């Protein structure tokens, strides 16, 4: 009797790690981008939570007037924030080891720069991971393309704008009231409401909300009956079923009669592409607008542009907005300037 011994191939630890990282059988896909995403987002999240709760006040304007942002220093969820890195640091790379002490690093707002840089790497890696998983599953790459819109928006307010203005202190604070302050000061200094790219972003966000509500309500109103009156309509759908769960012809007919025929999509694929593309393109434009205004290419200025036959100014809404801008401008960073307006 001949015994045949089959030699088992031994794979290296690295090969097994590579197989595990790129496996689509895992409950959560890791991927090579995930190897960057997981540590960076964990770091950003951990430091944000600690700083939001316990960070001491930060000298944001570099004039020895610290601004409190954490819960333990008197703030609540609405007023609290991680305060941006000090204007005294500017755009310098400011890790913990660059400061003379931990107290100095905290006083100069080091946590903000740490959070923003790790968060930026993390969301870029998340976008790459979306593409990577789509590639492994043989899907098209448009999920990552759609996600590039919020990535571009975050990059604009956390990275591009501080670079253009010359200091991380001009970045958006990581909190609710801080975000509102950023928006108000941005309007005062750049007149963003009069910038066409911001207008496209507003059309993208509100239009996307409208189209989402229209699509959801049309589909929900044209479901194919599979249940009795006493059952939930949701019970009429079985995950993975091949047949349509709603009547697109009925939805098309309804909307075509409500508006006009060609306002209604008769192709489900082109409809869903439109639903994705509209808000994404709008947010792309807003991010591009923030990035141009970062370098002081600002919104339209129509101030005092309408005169009567005697040469007297007839105020328009543009003039009203300009007066509001001036008021916001002179109120912000009130102790940092020797002049009523920034000279930048």
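Think of each number as a place in line: the chain as shown, counted from 1.
For all residues, glycine too, the Cβ spot is worked out from N, Cα and C.
According to Swiss-Prot, the feature phosphothreonine maps to 2, an assignment based on sequence analysis.
Per Swiss-Prot, the feature N-acetylthreonine maps to 2; the stated evidence is sequence analysis.
Residues or ranges marked as transmembrane segment by Swiss-Prot on the basis of sequence analysis: 29-46 (among others).
When Cβ atoms from all protein chains are considered, those within 10 Å of residue 118 (chlorophyll a ChlzD1 binding site) total 20, not counting its own. DSSP assigns residue 118 (chlorophyll a ChlzD1 binding site) to a helix. Look at Swiss-Prot and you will find 118 tagged as chlorophyll a ChlzD1 binding site, backed by sequence analysis.
Long-range contacts of the transmembrane segment (118-133) within the same chain, counting only residues at least 6 positions beyond its ends with a Cβ under 8 Å from a Cβ of the stretch, are 24, 29, 31-34, 36-37, 40-41, 43-44, 47, 139, 141, 143-144, 147-148, 150-151, 154-155, 158-159. Annotation comment: Swiss-Prot describes 118-133 (among others) as transmembrane segment.
Taken from Swiss-Prot, the feature pheophytin a binding site applies to 126. Annotation note: residue 126 (pheophytin a binding site) sits in a helical segment as assigned by DSSP.
Remote same-chain residues near the transmembrane segment (142-156) are listed as 119-120, 123-124, 126-128, 130-131, 134, 276, 279-281, 283-284, 286-288, 290-291, 294 (criterion: CB distance under 8 Å, separation of at least six residues from the stretch ends). According to Swiss-Prot, the feature transmembrane segment maps to 142-156 (among others), an assignment based on sequence analysis.
Annotation comment: Swiss-Prot describes 161 as site 'Tyrosine radical intermediate', evidence class sequence analysis. Annotation for residue 161 (site 'Tyrosine radical intermediate'): spatial neighbours 170, 171, 172, 290, 291, 293, 294, criterion Cβ-Cβ under 8 Å with sequence separation of six or more. Secondary structure at residue 161 (site 'Tyrosine radical intermediate'), as computed by DSSP, is helix.
In three-state terms derived from DSSP, residue 333 ([CaMn4O5] cluster binding site) belongs to neither a helical nor a strand segment and is classed as coil. What Swiss-Prot lists as [CaMn4O5] cluster binding site is 170, 189, 332, 333, 342, 344.
For 190, the entry in Swiss-Prot reads site 'Stabilizes free radical intermediate'. For residue 190 (site 'Stabilizes free radical intermediate'), the count of additional Cβ atoms within 10 Å of its Cβ stands at 22 [all protein chains shown]. DSSP gives residue 190 (site 'Stabilizes free radical intermediate') a helix state.
Within the chain, the transmembrane segment (197-218) has long-range Cβ neighbours (under 8 A, six or more residues past its boundaries) at 251, 254-255, 271, 274-275, 278-283, 285-286, 288-289, 292, 299. Taken from Swiss-Prot, the feature transmembrane segment applies to 197-218 (among others), supported by sequence analysis.
Sequence annotations record features per position, and here Swiss-Prot assigns chlorophyll a PD1 binding site to 198. Annotation for residue 198 (chlorophyll a PD1 binding site): spatial neighbours 192, 286, 289, 299, criterion Cβ-Cβ under 8 Å with sequence separation of six or more. DSSP assigns residue 198 (chlorophyll a PD1 binding site) to a helix in the three-state reduction.
Positions annotated as Fe cation binding site by Swiss-Prot, on the basis of sequence analysis: 215, 272. Within 10 Å of the C-beta of residue 215 (Fe cation binding site) we count 17 further C-beta atoms, all protein chains included. When secondary structure is read from DSSP and collapsed to three states, residue 215 (Fe cation binding site) falls in the helix class.
Look at Swiss-Prot and you will find 215, 264, 265 tagged as quinone binding site, backed by sequence analysis. Under a cutoff of 8 A between CB atoms, and with a sequence separation of 6+ in the same chain, the neighbours of residue 264 (quinone binding site) are 251, 252, 253, 255, 256. A coil conformation is recorded for residue 264 (quinone binding site) in the three-state DSSP classification, outside any helix or strand.
The transmembrane segment feature in Swiss-Prot is assigned to 274-288 (among others); the stated evidence is sequence analysis.
Between the two most distant C-alpha atoms of the annotated quinone binders (215, 264, 265) there are 11 Å. The local packing around residue 332 ([CaMn4O5] cluster binding site), expressed as other Cβ atoms within 10 Å of its Cβ over all shown chains, amounts to 15. Around the Cβ of residue 265 (quinone binding site), 19 further Cβ atoms fall within 10 Å across all displayed protein chains. Of all the recorded positions in the record (190, 215, 265, 272), the one with the smallest CA separation from residue 126 (pheophytin a binding site) is 272.
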